[in-house]
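Read the structure below first, then the notes.
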Amino acid sequence: MAVRAIRGATQVDADDREQVLEATRELVSAVLERNALEHDDVISIVFTATPDLVSEFPALAARELGMGDVPLMCATEIAVPHALPRVLRLMAHVETPRPRAEIQHVYLRGAAALRRDIAQ
């Protein structure tokens, strides 16, 4: 097994607690599904939110998915002028037999514009 980092992002329509939680659950679930991962494969997840999202910690959504024993951290993304607003990002560190070239990074909703080269 190798340790790999998986990137992902999604965008919400508004700074609304339920939207943040729903979008984060969708993102985490998609990362696991597209990479054939189980909860026990996850080492840690770092979440970031753009400065315009303050209604809830994205890590709560991962805990709601049963990841209470996974180290989770939230941070604010740097405020770059003209950056895409209302974006939640993650970097998950996982154990997987997949080679790096087979890792599926996940960009959902409006965040697909961030990485058109790898967005599904």
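Glycine is no exception: its Cβ is also placed from the backbone N, Cα and C atoms.
Listed in TrEMBL for this protein:
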- Arg7, Arg89, Tyr107: prephenate binding site (BINDING)
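Feature map: annotations from TrEMBL on the structure.
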{"residue": "Arg7", "record": "prephenate binding site", "DSSP (3 states)": "strand"}
{"residue": "Arg89", "record": "prephenate binding site", "DSSP (3 states)": "strand"}
{"residue": "Tyr107", "record": "prephenate binding site", "DSSP (3 states)": "strand"}
Filtered by Cβ under 8 Å and at least 6 apart in sequence, the residues in the chain of Arg7 (prephenate binding site) near it are Arg89, Leu90, Met91, His105, Val106, Arg115
Whose Cβ lies within 8 Å of the mean position of the Cβ atoms of Arg7, Arg89, Tyr107, the prephenate site, other than those residues?
-> Gly8, Ala9, Thr10, Leu90, Met91, His105, Val106, Ala111, Leu114, Arg115
Which residue, out of the binding-site residues Arg89, Tyr107, shows the minimum number of other Cβ atoms inside 10 Å of its Cβ in this structure?
-> Arg89
